[in-house]
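A short worksheet on the structure shown next.
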Amino acid sequence: MGANHDHDPHPAPPARGRALRLGVGGPVGSGKTALVAALCRTLRDDLRLAVVTNDIYTTEDADFLRRNAVLSDDRIAAVRTGCCPHTAIRDDISANLDAVESLERRHAPLDLVIVESGGDNLTATFSRGLVDRQIFVLDVSGGDKVPRKGGPGVSGADLLVVNKTDLAPLVGADLGVMDRDAAQVRRGKPVIFSSLRERPGAPEVAGWVRSVLAETHEARSAAGTPRPAVAPGAP
Ligand SMILES: Nc1nc2c(ncn2[C@@H]2O[C@H](COP(=O)(O)OP(=O)(O)O)[C@@H](O)[C@H]2O)c(=O)[nH]1
Ligand SMILES: [Mg+2]
C-alpha cells in the first residue's frame with residue numbers, strides 16, 4: 001500500500017459546442033483571484049469569457065472581480081459553498097456545475113469559463129466532471145519547501161503557478177529550489193513563476209491558456225472531420 005493515487009490523463013476535449021472549463025485552485029491568499037482578474041483582462045478582447053467564484057460564507061471574490069470590472073457583472077457568478085471548499089469542487093460539484101451551465105446558457109457561445117476554488121490546502125483538487133483543465137497556484141511566501149511536499153494540486157494540476165516571486169527575497173525563498181522540486185514532483189508538466197504585482201497581465205499563464213484552447217480546437221476538428229466521401233461505384 002502507498003499514497004500513490006493516479007487518475008487517467010483525461011485527454012478528451014470538451015464536448016462540441018461548450019466552453020473549455022478551467023479550474024484555479026490553491027491555498028488561501030496565494031493569488032487565485034488576482035490571477036483570474038489578470039486572465040480576464042488579458043484574454044477578454046479576443047475570447048468570450050465567464051467566471052465562477054467559490055467562497056465559504058461570502059461573495060468576496062466575485063465582488064472583487066465586479067468592482068474591478070474585469071468582465072461585465074452578469075458574466076461573474078458566485079457560489080457560496082458553506083462547507084470545506086474542496087467539497088464543492090471535488091465531491092458534490094452540483095452547485096458549481098449549475099453556475100457554469102447557467103453562464104453558458106445565458107452567454108452562449110463562450111470560449112472559456114474559469115472556476116476559482118475557495119482557498120484550501122494542498123490536498124484540494126477539482127473533479128474532472130467539473131473542469132477540463134486545472135491550474136494550481138502557490139505563492140513563495142509559504143516557503144520554498146512547499147513544491148516538494150506534493151499533493152494532487154502541486155503534482156497533478158495541468159499547470160502549476162508559483163506566484164509572488166517579488167516577495168522571494170523578503171521571505172528568503174530560493175526560487176531555484178522551488179523550480180527543481182516542482183519539476184521532480186510534476187514529472188515534466190509545466191510550471192510558471194509569476195509576479196502579478198510586477199506583471200499584472202500574467203502573460204505567460206495567458207499564453208498557456210491560449211495554447212490549451214488551440215489544442216482543444218485541433219482535437220475537436222480532428223474528431224469531427226468527416227471521413228473522405230467515397231464516390232458511388234468506387235472500388
Ligand atoms: N506581492 C504580491 N502580492 C500579490 C501577488 N499576487 C497577489 N497578491 C496579493 O495577495 C493577496 C491575496 O491575493 P488573492 O488573489 O485574493 O488570493 P486568493 O485567496 O488565492 O484568491 C492580495 O492582497 C493580492 O493583491 C504578487 O504576485 N505579489
Ligand atoms: Mg480568491
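Yeah, the Cβs are placed from backbone N, Cα and C, and that goes for glycine too.
The range from 1-23, 139-161 that TrEMBL describes as region 'Disordered' is residues 1-23.
Residues Gly119, Val137, Asp139, Asn163 surround the recorded GTP site, their Cβ atoms falling within 8 Å of the Cβ centroid of Gly26, Pro27, Val28, Gly29, Ser30, Gly31, Lys32, Thr33, which are themselves excluded.
Across all of the domain 'CobW/HypB/UreG nucleotide-binding' (23-192), the predicted model scores a mean pLDDT of 95. Neighbour counts of Cβ atoms within 10 Å were compared across the binding-site residues Gly26, Pro27, Gly29, Gly31; the minimum falls on Gly29.
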